[in-house]
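Chemist: Have a look at this one.
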């Protein structure tokens, strides 16, 4: 017998064998060459499927390679300045930048850095 996916083929002639769970008795018989296989051979079969990355092409997956998903520390820079009170020192000015860290249907994450004391925090919009 030869197993391809969840299909079971006869080793002698290559014909598709019946589903062992649907066959009465203790054996599975090939309808073409009459080869006999004990049903016990099929009891612990594990079906594992895999696909190549390019098996299901999509325009969304093609765009994924264009979107940068990680940043280095020095790439964040200072960001824009906003009038926002620092919860640590009370300074009225902070730098901020946003990143889309969660799924696209959720808001961006805003990172704040105090221009005075350097305190950092983030909020999820």
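Glycine too: its Cβ is placed from the backbone N, Cα and C atoms.
Quick paste from Swiss-Prot:
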type: BINDING; residues: 10, 13, 30, 33; note: Zn(2+) 1 binding site
type: BINDING; residues: 86, 89, 114, 117; note: Zn(2+) 2 binding site
type: REGION; residues: 1-69; note: region 'Necessary and sufficient for recruitment into Pol I'
type: REGION; residues: 1-60; note: region 'Interaction with RPA2'
type: ZN_FING; residues: 10-33; note: zinc finger
type: ZN_FING; residues: 82-122; note: zinc finger
Chemist: Consider the binding-site residues 10, 13, 30, 33 and say which one has the Cα lying nearest the Cα of residue 114 (Zn(2+) 2 binding site).
Modeler: 10
Chemist: What's the CA to CA span in angstrom from residue 13 (Zn(2+) 1 binding site) over to residue 117 (Zn(2+) 2 binding site)?
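Modeler: Between the alpha carbons of residue 13 (Zn(2+) 1 binding site) and residue 117 (Zn(2+) 2 binding site) there are 78 Å.
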Chemist: Can you give the mean pLDDT for the zinc finger (10-33), rounded to a whole number?
Modeler: 89
Chemist: Once 10, 13, 30, 33 are set aside, which residues in the chain still have Cβ within 8 Å of the Cβ centroid of the Zn(2+) 1 site?
Modeler: 11, 12, 14, 15, 17, 31, 32, 34, 35
Chemist: Roughly how many Å lie between the Cα atoms of residue 86 (Zn(2+) 2 binding site) and residue 10 (Zn(2+) 1 binding site), rounded to a whole value?
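Modeler: Their Cα atoms are separated by 73 Å.
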